[in-house]
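Feature annotations, reproduced from TrEMBL:
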- B:8-273: domain 'Pterin-binding' (DOMAIN)
- B:51: active site, proton acceptor (ACT_SITE)
- B:62: active site, proton acceptor (ACT_SITE)
Ligand SMILES: Cc1ncc(COP(=O)(O)O)c(C=O)c1O
Ligand SMILES: Cc1ncc(COP(=O)(O)O)c(C=O)c1O
């Protein structure tokens, strides 16, 4: 912990630590080109961090919306290698916020842990989120992410209980709080116990605490922001993008669709005005 | 055994004790009326005894030919009661040879043993052959057949061995020798051991020994006659009748068919001239 | 056991005997002699018990039906698990015994009749196991309805012979098997599947099935320290029932045999031979059967192929007439409901045959005191019936 | 038994572990604690053994395969008869154990995944027996292919939930069951059907299946006075194999696991995970799996629905890497031939899964000396496969 002096790429790129808006988009959905533009649009809509999903055949932490997005992306030939290649293009396009790669562990293992961490650095990826490794299994990859300056994002869940402290204390980048038991996807109601859960998490966390899983309306965004440092919005963003699928896939209609998408996203995170 | 002096109806009607020809016909096949005429035709063809079959739903000693004849007769509404009623009509038509009713035991039980024996007497039936009661089970019916003057015909088979003596010694009417193991129906070859078997049977029998099961050609008739007192021909006769089914069913064509049948039967039992 | 029947003519009171063509008297005698000698031979007994244990998996369990008992709130219910036998029913107990006897007699070929295919499969199974040739007679209609069992028999190496005489079902398959046997009795052994047919079959099959009752008695005593108050078993030909009842005949235990009432005992479509049939001869035995006024055998009806037989074992006719066993009947609809009941209460899907016994027991258990105990013989598993049950539940 | 894995992270060497979303860490811990406590509790052990004996019918027989041995002329062959278990396969051993644990943990609802329906039926069965609610996740494609098993589960009172994600088969049903569990882990217990999934499942399922090997060891010693030279078991997820192997790991017995080679191990259509797969994560466990160059899981292929799984239990991955167990593979065609072989030689129609083990054993037994002995684990009966087998033989 003696090297804490130097800031990570993630930290450098993160512009604030409160009221964070972290959208999740799926690489290659609807097309790789569109994904680059969508990333930029998210930033324009106020995103503070971008979660860039890598499609996986067996996304067992995801609900139907993200599963289907992954299916579409896979059929576009998207994979871990290709997803990383999108990041430099996003930078070129003007994306300056931290980009966190969201991928299941198996493709990472297949790629090779060190090679992968190195590739993330080369491609200017700032953070990594692997939904299927808990703290106990994260040692190996953590060694390499630290070596290559990538923040390994941790998750806590409402049932993490005495694990919260351990997880929160070593959290990097931001701490991903799962809003309630279950997979990704919209939820009608927010977990009523979320406030006390978030208090506990914030008590231990050195990094911003963002809440994800099921946030899909401005009301929920407001509610959650009140108790945390930010919101992560996945399935709802995927749905907004999917509504423009055809227009986004086509270069000639893309700009218009992105504009509409931007205003929809703004409405979602900033409310009716 | 003091009443042995008086001859039974069967004995009175039996004209000879050698070279017997005993055809089997099925009551009601093709029609009840035709059966009466067929019976007379058999007598004209040289029959010495007539075996009159009663159709049964489960004729387990019979091969396909007689099974099918029974099926046709059942669908004509034939049954034990109706079959017995044919006998007085045969007498009217001029049939003077002994008539032996061939029926499985269950219809007899259903009719009632004594009532049945009495009905046989009333209808001028001379003998009774039940293929599914061996000596050991024949006591009850025998009591009544004796009381009503009906000869209960016994069967011996090639595998009867030490039973032959017991069966033969109490045989009435004629002794039915099963030519070989199996059910009724034609056989290509005759049992080669038949001669010694028949010698043994004749040694114990007080009544004519006739051979049945599978006899279907003049050659077989000759062969069997050489070793016994007669032949019983069933399936082959049924087939000859069945070949004229339509003509026999129809009153206007019946006479011609009967004539043809007569000559066919004569050829079968007397050879080519 | 001092029950003194059958007598030396194979009679149970008025019932039983040998109403067969003369040609079968010799083979029946041969079997009777071989059987008597085998049963006295400790090495035969040992071989038989060895196959039951190490091949078929006996003893079968006696399962306490915890949830069913609690739901009904009456008598304590135990299930004798013949469904756990190899091939899925009690049929194998008998098939093993007879096939060993056949082998001992030097017969290399066996024949068997089958309706739904259960006994056919059991016969084909033991034939394979003992290296015997096996021909199974099966009605043309049943072959169509039970294609999987037909294939199963063929896979086991048996030849399935299609019977097109009569109604083309079990009764006719049995006729045809007997006919074939008459012609081939010198080198074929006829392996009958229930306590029916001419003497010594009913006695022999009973003696090979009594292991059910013997085990139950021992197991029940171990668990409850006494004998059960009532025992239930379904009755087709009657082999699982007699196998269960026989060792209890002289005990103070109420025995209940359940026949198939099909669409109702007051309709023509039933198979309730004792309750609704009349005395007569079928397949060589004096017993009860379903027949018309002229003594023609009538095709019975039950949704369960194994109870769909127009006759019944002569010993049951005797036990009915003597009053020692009480006979009841259960309809198709009640049996299907009982399949569901047992499946959901105990996780055991019974054969529809066995469900007849379950249905009657469920009716009565409710009325009984919790201090009373009953045993239901689950003669077989329901896997073979899934298509039928599925069709029925989807219709209804 | 001094085998010291899994370690406290659930690792068997490099394999195993808990590669799951954070939300599952608490329920997994809850299960692990409950399991450790239950396993030490004599009353739990007694209850488990009681259900095995009096419900499922254990011990299952160890059958000497007389004719098969003679025909092959090599090693003396014994068959461990898991096909005789209630519901027809070893699957029930584990389902009973886990359902008892679930009940002990106060869970009233269980969920399970199933491919062909065997584990679904086993789960539905124990749920009925223990009065638990049961949801079974099953791929849409499998539901279509296995209608009878679907109906069987429903008859047992379970709800079958159609899974339309991914390839709509077992792998996806498992994903979906895990997803459902994540959301409902407060009152649901997830009953996994093989030695797969995150720790403590592979260990727990092994410990509930080791009864196979424990019994075999005792029975074999009784019959032969020694241990067998080789033991064969098929490997899908690996539960019947590990259940058989585990008690022999420290003995001088050669252990052979047989994977499904499908249309050939050199074609894309196989399920030979260890022999032809690569290391990775599936369903929460580090093990071997069938995947593409980008780490996407690939749908495996085998004619047998129970071996058609892209992963394998982590303990097998370890035993493969350590060389303690030898793994072989058998094609569809060889397995089908073995179904026929065992059916006709012994009157036992094995599940196609089990036939893979039989095929390999037959190959090797011929080469062995008559003084040597082998045991084949017949993990299940073939009734469930009759349609498949029939179609194959009618095509071929
Ligand atoms: C499971 C089962 N139970 C009962 C029966 C009826 O036969 P029995 O009355 O001889 O036991 C059968 C006949 O196939 C059967 O398969
Ligand atoms: C009979 C049988 N054997 C084997 C298997 C494979 O599972 P495992 O490898 O866990 O024993 C299955 C799975 O359904 C099965 O039904």
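Glycine is treated like the rest: Cβ placed from N, Cα and C.
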Next item on the list: Count the Cβ atoms, other than its own, that fall within 10 Å of the Cβ of residue B:51 (active site, proton acceptor), considering every protein chain shown.
Entry: 26
Margin query: Roughly how many Å lie between the Cα atoms of residue B:51 (active site, proton acceptor) and residue B:62 (active site, proton acceptor), rounded to a whole value?
Written below: 14
Notebook entry, point to check: What average pLDDT does the predicted model assign to the domain 'Pterin-binding' (B:8-273)?
Noted result: 96
Item checked: residue B:62 (active site, proton acceptor) CB neighbourhood, other CB atoms within 10 A -> 26
Note to self: In the three-state scheme derived from DSSP, which category covers residue B:51 (active site, proton acceptor)?
What the structure shows: strand
